[in-house]
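Annotated features in TrEMBL:
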- C:41, C:197: substrate binding site (BINDING)
- C:117, C:170: ATP binding site (BINDING)
């Protein structure tokens, strides 16, 4: 099933409009190309209506947001929804500043994204109006663990129910949930947190997956999360002596590029509840 | 002749002012350094007059343009022309949005770039007021092929004549033309399209080549196009097991860095009409 | 002593707010992660007060500055100083444009950075109101050499005295000085200048080092300078056949990632005056 999601991306080459931060944008573009999608970036209010119109999905990321790009997010979001495109929200830094939190909440209310992907601190901020944060990283105190897994599954499912979106919370254990079904995913490696932007890359890739698999967005997002984690495992195995986080970044994108359906099916580690 | 162009770049270290998108800007800077040039980036209207004045060439790229950077493009363009600098226009996304198309057309009219480099869909948009597009990539329907080569050579030559610019159309087959001479170039690999920004990198490098070879801009741009394609071939040959598009990106820039005149002369595959 | 500085960074994981250029921002983020810090980027005036408040240090870099980001620099700078955070200024392109020079001088006057790190041409511009420049690179005519070393040490010490900041001038020979003590550092390789952003990376890393070592900022900055140069040596030693400046970039960040206290102590080459 995950393998079919992957093949649908490679077959249909979904064009994804990204309004994203300038820190990790190059990696997002290369990750989208690696998975079989096609990226385009635009954050000028006068440009985004045209650009999003020719795409299949819209990936909105609140990292390094500014007044201009925020305006673009709402314009593009409205247009994308009007056209029935998939919209994904990645609320980078929600909880770290009022502007980021408020922008993410307003996007949820006005654009109604189909998918929301963030770390646990960001999602807690959006769901509960609270949640600690350590900059753009999740606070350890918030982490999804084996000990609190049942409660976190329920939390995620309810937030999906409330928002009508597929919710993806990524960390040591990843959760992907709609109102009915939750995927608990255990792919990935801790070292991925020493690279900037693996979350941003996943958001781009997950948008492409959801666009290419319109009948099964939740499975598609779960497939993208497994893909990213598995690529993290494969990339790590390819590290050569003396290599560190910068080479690891390249090797993860390389692993996405080389992934096929059989490898994804075999390597994905998840349970469904 | 191509080798001499390369050596002139390494000898004179041309300083190139880039107003370019934030997706591929880092790769543009490293590609410029790799080829022997020196990059500087600035897109603030109050900053660009000073910056472009100390440079030898200006590379204007319309990807992720915004109101502020558009204003900067016109100010820097006017100043660069006033000083007799080489100006290259890379109309990223022309045809994909009205803002990008209109900006590129206005830059052509008011700044009169010395070189215009784009994919075939972008160039058709500028030349014919039409042309399909697939985001920032060329549409397959537009492609330059062996079957339509004569017509495309003529199309390119005429557009060069009309604009007074050297026109470079890059794809599976590359065309570089002024009003009299056309270079048909067959270097490169299809896998280069799976990396974001090889076109943007080429535009930066081609600007440096044109600056360093003022008596023969057309040859210089053809040399840059051969260099980029050849670097794509060499970089591909250096790929190790498990590597994909992200490592390929690095290996192409590495190949530009290690290229010398003899290797370029030997590896360039082109015919002149 | 340098080793202790390194360990303090890895132990305390200092969160650094970066207002930096979009050319090298991804490398700055990965270099900060590699050294044990945690990066966050924000340049929107409405966002920076919140963001800088949760950090320990602020790294201000004037590359690709614009009216909006300049406003953000002053707001964040004021807030950071109010909170007693470390503020580092990297005056990229001072001397290359009036806007960059004036912004850097105004930041020095109003924000009073704790550390100023630049190349010799940039620092001369700020110290003497003159200084040649070659874009964002130092002019060879300005270089710190064995021949002018005594005079340059005295110049650096006096500028530190005048500004109250730790001054770091990096090039073939690096100088780090406060009013009393100067470190003369001979780590690094000439090939590092063929990569965009090693200076920007160092500024991010030096901010983290100063945050994590509040009692000894000068030593901390010297340690960061040694670390960067040593990583340049180690990364170079790891280059494989066919690799060039793009792979070198990755291997330097990898070397920062893998550095430990013993390796830094052993590899650092410096004298104290």
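Each Cβ is built from the backbone N, Cα and C atoms, and glycine gets one as well.
Annotations in TrEMBL come from automatic prediction, not curation.
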- Message: Give me the CA-CA distance between residue C:197 (substrate binding site) and residue C:170 (ATP binding site), in Å, as a whole number.
- Response: 13
- Query: Going by DSSP, is residue C:117 (ATP binding site) part of a helix, a strand, or coil?
  - Reply: strand
- Query: Just the number: how many Å between the Cα atoms of residue C:41 (substrate binding site) and residue C:170 (ATP binding site)?
  - Reply: 24
- Using a Cβ-Cβ cut-off below 8 Å, which of the binding-site residues C:117, C:170, C:197 are near chain A? none
- Mapped DSSP class for residue C:41 (substrate binding site), helix or strand or coil: strand
- Query: Taking the Cβ of residue C:170 (ATP binding site) as centre, how many other Cβ atoms lie within 10 Å?
  - Reply: 26
- Give the number of CB atoms, excluding that of residue C:197 (substrate binding site) itself, located within 10 Å of its CB. 28
- Query: If you skip the near sequence neighbours and keep only those at least six away, which residues in the chain come within under 8 angstroms of residue C:117 (ATP binding site), Cβ to Cβ?
  - Reply: C:88, C:89, C:90, C:167, C:168, C:169, C:170, C:199, C:202, C:203, C:206, C:221
